[in-house]
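Q: Below is one structure. I have some questions about it.
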Amino acid sequence: MTDTATLEALAIDIARDAGALARLRRDAGVAIAATKSALADIVTEADREVEALIRTRLAEARPEDGFLGEETGAERGTSGITWVVDPIDGTVNYAYGNPSYAVSIAAVRGEPAPETWEALAGAVFSPVSGELFHAALGGGAWLADRRLAVNPEVGPAGALIGTGFGYDPSTHAGDLAVVARVMPMARDLRRAGAASLDFAYVAAGRLDGYFERGLQPWDHAAGALLVTEAGGRIGRSQPDRSPRAPLFVAASPAIFSPLAEAAGLA
Ligand code: IPD
């Protein structure tokens, strides 16, 4: 039987050290190492170095677990647990010196596929603000030692909603059409540029809801657990129901259904 609190503590410990390294490298200046899926999709030397730190620390602490990282890919383990890691979520913010970036580390059980895995523990650390969001399955979501809960209701002015846009320019028109459908229920919209923090902010009641199409497993693994452990709901379009990348919706129960409908979650 896996102790989720132990996994959570390890995620917290490594996320803090990884975040400290990311911040150190940011202060020294950032070098773009390569572009990935699109010109706007970049990886910095720091992304690679921070992922290497996380991967090494996990391998030392739990050599039988698998690994799935944004920069170095997947390695199967034998324990049934996989660590899903985004070393620097919000890389474009990071490259621009915008403080909205985070280290995201999650432990999941089952196949390392988001449609079927069960998230057990996660940590999202924002090195510039020093905020550490963490959760374990059944243990609640926390900001440091403060228990988090999603907003119980939406005010008369409407919901504060976050979103994000994929790197592929051909998806932007569709994303903007969804924004147009969602706006009537929104008091305002936020696009902060780090999906893990968008999820964390829903958990903390700093957003009423968040939606984005095209998230990668490492963008949502820890954040989605934060939301459900804070009493929120997560919706995801099934890959077989749409040829496009899956749509994610994370929200307080007060607005989940209307937001999911407006965003196009079947
Ligand atoms: C990106 C950020 C961004 C979201 C993109 C993600 P990355 O992650 O979370 O907010 O809109 O979909 O890919 O590339 O900075 O790790």
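Cβ atoms are placed via backbone N, Cα and C, with glycine included.
According to TrEMBL, the Mg(2+) binding site annotation covers GLU70, ASP86, ILE88, ASP89, ASP219.
So where do these features actually land, and what's packed around them?
A: The 10 Å shell around the Cβ of GLU70 (Mg(2+) binding site) contains 22 further Cβ atoms across the protein chains shown.
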Q: Write out the long-range same-chain contacts of ASP89 (Mg(2+) binding site), meaning residues 6 or more apart in sequence whose Cβ is under 8 Å from its Cβ.
A: TYR101, ALA102, VAL103, SER104, VAL124, ALA194, ALA195, SER196, LEU197, TRP218, ASP219
Q: List the other residues in this chain whose Cβ sits within 8 Å of the Cβ centroid of the Mg(2+) site residues GLU70, ASP86, ILE88, ASP89, ASP219, in sequence order.
A: ASP47, VAL85, PRO87, GLY90, THR91, ALA102, SER104, ALA194, ALA195, SER196, GLN216, TRP218
Q: For ASP219 (Mg(2+) binding site), just give me the three-state DSSP call.
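A: Going by the DSSP assignment, ASP219 (Mg(2+) binding site) falls within a helical segment, counted as helix.
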